[in-house]
């Protein structure tokens, strides 16, 4: 119930604080016999890791994963896959400024209230560093989901928004620039804006869009565990996420039924896809697409007023190396969570007697 | 895994098809000793039931709940609360038009593909009629959550949007009009628009906003089971929902950190509330508020083209009595799901040794 | 967590007190397309029901099950199967003798301590009447488990023990006598003994053995969810059960490895079956067999001393119609629980990608 | 569903093969603020580890645990406790004799059938080496369960049985001899017998008894999750266990109700304790005691016939360093599993609103 696991049949449990000894996790339920390409796992870790470009945090973490079990002679065995990522960058920092004071819009205050005390080093368990474990598990899930294509990309940074529909774009272009926006001209503007925001000692939010293609019909469970409900939970569990919409989303709420209904072609595909590939909570074989809103990073390099444990007002100056905008590094995390959801529902769907 | 249960420690499991014999459910984990006011449960059912006003479906269902267990001498006993709502309106309809054809943007097609066949009467299990059971359980959860106030209301119908902030409104006004919008002048416009849409044989979407007040600090679990992630899943599991955002939501993604950060007062409250009452997935004692987007109802009274089981194009004419806009009836469902989430996290939080 | 559900993918949740309005449950996860023979379900209920013979309680309960959902045109739909068994025998009894006093070796005392109060009518939720719902679900699980044969029978009553191995007996004979022992001569002795015990106003314990045949290889999960561990939990959850052993059981603990090891035939079957059809927690295709020990029923028709809520010593005289020996009626319950375990593991096993 | 986790609110998930890189696990749900005495954890590991005495396997494994998260400044933080035990003894063995052949009464055959292949090194995941992780978690659970005393001991080896009741013995004596039997005279006989069995190249089974004292009233959930049902599952999940009984156990099945009922003293304690401290699945404050039957270790140092993957008969000679009798090392494992069950039910019980 403590919420450190995700999934049912393909289940990830994670552990680890940002500045503790190591992060890691257990992937339980991964079927036997999947040949694992470890380099693809590392590739996704590299897409998430700090220091990868000029517009992300300049912390240095190699983020190398070590597998301890569940893989034998290059293949999964069906037993739990234990893995560890050592924290190499956790040398003696000075945390005195956050030990007794609460950073605004961080989890410091609520952790102290909930648990009585907290591991104050770099945010402890509430740090987004935890998502490295998700990326490992998601990369394995991707390898299980042969044929399914999962592509996330940045669709807005601050007020700079991608207006084009994803179907007009080559999604592979997202990986050709450091913002991870498939419209390279727009990516360039976004990059400039992020550089400027950093200079101001400020941060900015953004949106990540994800497209999942070649999904078989029938994934998702009716009622409470609708496919999009679980995708929504998965995305909202990522640090800094404030909203989720799929298919027509919030925009669909101002449409009429006569516009919004997706009419069928004779092969069961639909002429439009306002449904976003999901009807009644179950995949219908069309593209699944959704948007995930990220708030601006709470740690800014400007002086802010806040309170300490005694409830006294204090001044706080952001320290350390932080992201001015989180969305470029969030792209592989969104993909990983999507992969975890799809892997889980694939196994649930497989359990049906036929 | 079949997704007919919600919650962990306060758990609702539901059963029932829209035109089967009865709906119902089991509430497991409700603590002992709670005095149940049955009239309040019925009141919420009445807020959801068909036929309650001129702008909702004119089907007649009394939606009376019968409790079979778990309540003794007016109080909960700590054992499971079984309940049943009979379907009194399930007389021999003519379903021939949907038995072999797939209604656009309904779940008919994916049910047939997933299960091999389906209960085609009125949508079967995919009908929003299932939410009556949620309202029963939510009404009990509300009675457990003494002190916490949960108020949902309609904040948009089509393009008619409530611009005022909820803090400027008397939320109790929402129950004084049939649209359930607390701005009564706007409610009147919304009502007119829904009547017009109905005349066109069309439907329209809308947005429900929910405000939860007096929440204790500490509800929610870090990492995967963040409070807003579970609220998001809960809302996305409601029929016709396409999006969820809390606090600053999608709008927050275009803000800067220096604007968005909620600075603390000396008592631990915050001067602003872009966080929406939740930081790091844990309630911070401020108001929790979120928005839920509903698509237009898929059943329209206009002729549409679709396909039958054989993949042949056929014409379909909407029949029966359907909602032109679902949001007025969705208000108590949103509240019920919020109550279920909060009840569950309250019990999880209680389990901590102190 | 309140423990009113059993199973993961084939999950039964039950509700109902012995003298409340009704019992019932939800079976969630039963695959679609199974043709249900309702008469077979009723047959198992009749094997469990009170009043079925001269050596069981003479209470009258028809125990007729009404299905409310999940079955359409004679087949399961894949949606939850809701069902209800009305309590027709719950007329105004006099419970004054147990309302404020604690029956020895019953759950009255611990319920009062755990929940603050209890439904004192006939034991409430702690009554074995709850097992009627298990029998319904088990009977459906049996119909899903085509090919697998589950036969339970009485193997001891008090000190009268069946010495023959089950392989020497025609297990079908168990249903030809009211004790449900496949050795009909021994059954007659057991019956006489139970009649004598009843005359004494006393009760006696016994053992039920269960044999499961034609189980496919591979059911069960290594480590915590070993097949026999889940079978053990299932059996120990039945009222009055004190012990569980499978294969060689407690007797195996005094054997040597050189005797106990089951050597393989060339087809993978084993020459002996001390393993009881399970190796490392996983079925190996041989017969699964296990023994379940039941204590004597706690309600006796003799005067006993006990205490009341105030901790004062009081005398208590057993009232009502109770079983002198529970094992004849426990046979279908043991079968039902075995069927639920096997159905669940069958679906879990099906979820493996191949 | 893959069964590598145990518990709900206090949950252990484990990973690791016997001859892989490392074992370990995650303890999720351990409350914050518990001061951890690491030496007590190591002490329990030492009681389980190979090579500790002349009558156990002479393999050398230091079994040192390294904590990676969830502990800060000597106290638990409420976040998941990740830990690793390196396998230092996994040097290049010769596994050719078990790679393609199936050891009798081991899990080799069923693993191959279930998963398609297996990690054949030393039994892989089916090895009892996995229980080291359970001992770590159990030792932490013990430290959470202040006041509750858990004492397991050996009560039989082969046919040598402890006849005395546990109440007549000083249970602390169990740790004064290498067999772990509190009757030191009998322990000496047991030790001699195990030495003799080892000389024969054979193995022998035994029984472990466990006594849990000072348990608060109210732990355990009615119906499916009865306290003894979960204890039974916990014990049956330990490698080589064939049976479980609590309180009067199998012996109780031949008793009469008039003998077996536990009459109350005025303070709510009972004059006898055939119930074994549990009534209706809920602890009643009396001592909980139960017995766990272990089969003889399947690996013997004698030549046995078996089959290979091709179904051909082959001869197999036991190799390596194995236990002649598993019960002395099983004592801390039984305690650990009991502690895990009690920790979980303590948190579940805490979650009740009062």
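Here the Cβ of each residue, glycine as well, is placed from N, Cα and C on the backbone.
According to TrEMBL, the NADP(+) binding site annotation covers A:48. The annotation FMN binding site is assigned in TrEMBL to A:125, A:126, A:127, A:239, A:240, A:280, A:295, A:296, A:297, A:298, A:299, A:321.
Sequence features, as recorded in TrEMBL, placed on the structure.
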residue : record               : Cβ contacts under 8 Å, 6 or more apart
A:48    : NADP(+) binding site : A:63, A:131, A:132, A:135, A:329, A:332, A:333
A:125   : FMN binding site     : A:16, A:17, A:18, A:119
A:127   : FMN binding site     : A:17, A:18, A:239
A:240   : FMN binding site     : A:128, A:205, A:294, A:295, A:297, A:298, A:326, A:330
A:299   : FMN binding site     : A:103, A:106, A:203, A:318, A:320, A:322
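Counting every protein chain shown, 26 other Cβ atoms lie within 10 Å of the Cβ of residue A:297 (FMN binding site). Reduced to three states, the DSSP call for residue A:125 (FMN binding site) is helix. Around the Cβ of residue A:295 (FMN binding site), a 10 Å sphere holds 29 further Cβ atoms from the protein chains shown. Proximity to chain D (Cβ-Cβ under 8 A) holds for A:125 out of the binding-site residues A:48, A:125, A:240, A:295, A:297, A:299.
The subset of binding-site residues A:125, A:127, A:295, A:297 lying near chain B, with Cβ atoms under 8 Å apart, consists of A:125, A:295, A:297. Classification of residue A:297 (FMN binding site) by DSSP places it in coil, neither helical nor stranded. For the FMN site listed in the record, the two most distant Cα atoms among A:125, A:126, A:127, A:239, A:240, A:280, A:295, A:296, A:297, A:298, A:299, A:321 lie 44 Å apart.
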